[in-house]
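Q: First the structure, which I've put down as structure tokens, then a few questions once you've had a look.
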């Protein structure tokens, strides 16, 4: 099962867990109030998984590809890692399914505090359009993930501040409704 927690304020190596002290775990229900959705799937059978197909159909995830993030295979690795870790939002949902390896998604809560979500093999997450977030590998420095999209893939990050976008305005309205 996925683990999530409030982060400390350290700016040291982002690949470390950065748990706040004392530990402040975050439940799946708390993540749902932020619009974050989570599924646990069998990554060994992702090519023929009826559960994944059901989710894709239900949420209209019609396009997918697979990305491997590691120093040996990803062109412009250092540049990409920095870009992924820059706080940003998207105008569409961000959907990732971890097939191998691990990493962290960090999302902002309603008080603008960072929550770290530890993602491992079999974890699938949907971040809502308009949520500020970032991604980093953990200390294993490797992840293979399926990227899913509704329609044609659009992966345009808008770095913070990006509060003027409709997706952000709608997301903030959603948060007010979950208070």
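Backbone N, Cα and C atoms are what each Cβ position is placed from, and that goes for glycine too.
Found this in Swiss-Prot, in case it helps:
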REGION    1-24  region 'Disordered'
BINDING   88, 90, 94, 133  Fe(2+) binding site
BINDING   88, 90, 94, 133  Ni(2+) binding site
Q: Around the Cβ of residue 133 (Fe(2+) binding site), how many other Cβ atoms lie within 10 Å? Please give the count over every shown protein chain.
A: 22
Q: Determine, from DSSP, whether residue 94 (Fe(2+) binding site) sits in helix, strand or coil.
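A: In three-state terms, residue 94 (Fe(2+) binding site) counts as strand.
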Q: Check each residue in the chain of residue 88 (Fe(2+) binding site) that is at least six apart in sequence and keep those whose C-beta is under 8 Å from its C-beta; list them in sequence order.
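A: Residues satisfying the criterion: 132, 133, 134, 157, 158, 159, 160, 162.
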Q: What same-chain residues, at least 6 away in sequence, bring their CB to under 8 Å of the CB of residue 90 (Fe(2+) binding site)?
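A: Residue 90 (Fe(2+) binding site) has long-range Cβ partners 127, 129, 130, 154, 155, 156, 157, 158, 167.
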Q: Would you mind checking how many other C-beta atoms are within 10 angstroms of the C-beta on residue 94 (Fe(2+) binding site)?
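A: Counting Cβ neighbours of residue 94 (Fe(2+) binding site) within 10 Å gives 21.
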